[in-house]
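Here is what TrEMBL records for this protein:
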COMPBIAS  370-381  compositional bias 'Polar residues'
COMPBIAS  382-393  compositional bias 'Low complexity'
COMPBIAS  424-434  compositional bias 'Polar residues'
COMPBIAS  601-622  compositional bias 'Basic and acidic residues'
COMPBIAS  629-648  compositional bias 'Polar residues'
COMPBIAS  655-665  compositional bias 'Basic and acidic residues'
DOMAIN    234-332  domain 'PH'
DOMAIN    457-593  domain 'PID'
REGION    355-393  region 'Disordered'
REGION    413-447  region 'Disordered'
REGION    601-665  region 'Disordered'
Amino acid sequence: MHRIYDAQNELSAATHLTSKLLKEYEKQRFPLGGDDEVMSSTLQQFAKVIDELSSCHAVLSTQLADAMMFPITQFKERDLKEILTLKEVFQIASNDHDAAINRYSRLSKRRENEKVKFEVVEDVYTSRKKQHQTMMHYFCALNTLQYKKKISMLEPLLGYMQAQISFFKMGSENLTEHLEEFLTNIGTSVQNVRREMESEVENMQQTIEDLEVASDPLYLPDPDTTKFPVHRSLTRKAGYLNARNKTGLVSSSWERQFYFTQGGNLMSQARGDVAGGLVMDIDNCSVMAVDCEDRRYCFQITSFDGKKSSILQAESKKDYEEWICTINNISKQIYLSENAEEIAARVNQSALEAVTPSPSFQQRHESMRPTIQSRPPTARTSSSGSLGSESAPLSTLSLDSLVAPDTPIQFDIISPVSEDQPGQAKTSGQSGRRTNPFGESGGSKSETEDSILHQLFIVRFLGSMEVKYDETPDVVYETMRQILAARAIHNIFRMTESHLLVTCDCLKLIDPQTQVTRLRFPLPNIALYATHQENKRLFGFVLRTSGGRAESRPTSVCYIFESNNEGEKICDSVGLAKQIALHAELDRRASEKQKEIERVKEKQQKELSKQKQIEKDLEEQSRLIAASSRPTQSSGEGQFVVLSSSQSEDSDLGEEGKKKRESEA
């Protein structure tokens, strides 16, 4: 009975809680759920009905408490407790009677004090009477308990049944009449929703199949950009990128994070974070494509002050180009304009320059190639080149004739003014100015802005040393061997990483963090360049300088670098820069020669004009002399002017005399 009563109370409480939650359901806001007024009104109606059911269950709980639990509780707590109390009283009376009988039995046969005998008899009488009375009440209560037991069994059952019947009658009278139509409508609505669900599922399945067929190329990590064009006018972008984090001097790790742009800021958010964090302010920043640790699609973002930079890797070429274009657009604050896409379209040319770090030489500079003799056959097989005539065969040269055994090796890059060499002297205003390889700086005009070739490579400086010979690639090979051997002997593993910028007039080593030029090598002074025959990551070049260990003669210094499998590309780029520079020099010489010819012609023209002017003056003078040689008579006096002998002779000679006089003059 107690379990039934507890279950009914729990049912009543759960029904009431269900009604309460249904009333509050319309206040919930689900991510995929919209505002459905029909659903809200239906749930409110159900809440009202369930609330009425909760009231009925509460009434049923009250009836069960009164009609079922009260009788059986009274029997347990009152009647059974009374029997137990009478039993204890009867037990005490029996013990007192036994004690009185024992004292009475111990009375002596001799005549004793009558007073003691009287007390013992009185005690037996009292205890026996009390036992008899207690026994009668106890037996009467036991007989009465049999009837009470029947009543206490039947009354709770009767109350339970009557309460249930009353509950059902109350539900039938209050709920059946106005709920039948409502439940019928709800059943119809449920069927309609089920049919809509089946139709929607069928449509979604068809859509999924169509999307799977159409999106098959997108499953590739690097989709074809001809089928999926690159959007170069974006001012916002988001996606996953790999960020490079340095963990030591030469070691680094890559971490995949979600990056997104927010106004002029680049944000990142790691997996599990609730919000993104600021990575860099990309207003007026510079972005360029770089090659890093033999990974594809890497680009570097440098802040406007050059103090902070970040190297990121995209998943595909499309994302790679779109990220560079987007950051390039944001760096120019295009996102603040009204017509951001139109303005971004005008700066796409500079973005295209940035996303192509190693363009095809044949396509970009085919028109600039001079029609001169190509490099020697040794340069073609070893990706090397040299200035001057053909090099002497290696068989006639010893290793000591190429590099002196006691020549010191420099393993680190010294500041540009530490070596007194014309090719490395720091020009005024060069140390503090940032170098932008793509010509996007807005201040003073860079010395490489007019150069049509800009190639950027990531290199690591291995060392440099003075060499004796600069006409064969074997000089570079021997220098590589000695520098690598010296590093191994002295346990030198640290290498300085730099950006090598190849232009038509010089090679520059640029600090990747500050964008400051570390060293500058004039292109005309580079006599030889080559990459290793087997290890294509090693390359070097020989630079002719005006002074060195022996001040009386020019010296040659060989610089050795390590790249990311791009030694041949760097040598090809240097060769192309030399060809372009030679072509430009030929054009300059031809232009100077043409100007000299024009100056000579102009001088001759001036001399001819001067001669003509002299002849004209002489002719005018001769005409005046001829006019003055004729006889004249003054008016009114009749006097004659006597001519001189010479004048008379000229007048007699006539025209011949005039010409002779002019020639003599």
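Every residue gets a Cβ built from N, Cα and C, even glycine.
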Checklist line | DSSP-derived helix, strand and coil totals, residue by residue, for the domain 'PID' (457-593) | finding: 47 helix, 52 strand, 38 coil
Margin query: Counting by DSSP secondary structure, give me helix, strand and coil numbers for the domain 'PH' (234-332).
Written below: 15 helix, 50 strand, 34 coil
Notebook entry, point to check: Taking every residue in the domain 'PID' (457-593), what is their average pLDDT?
Noted result: 83
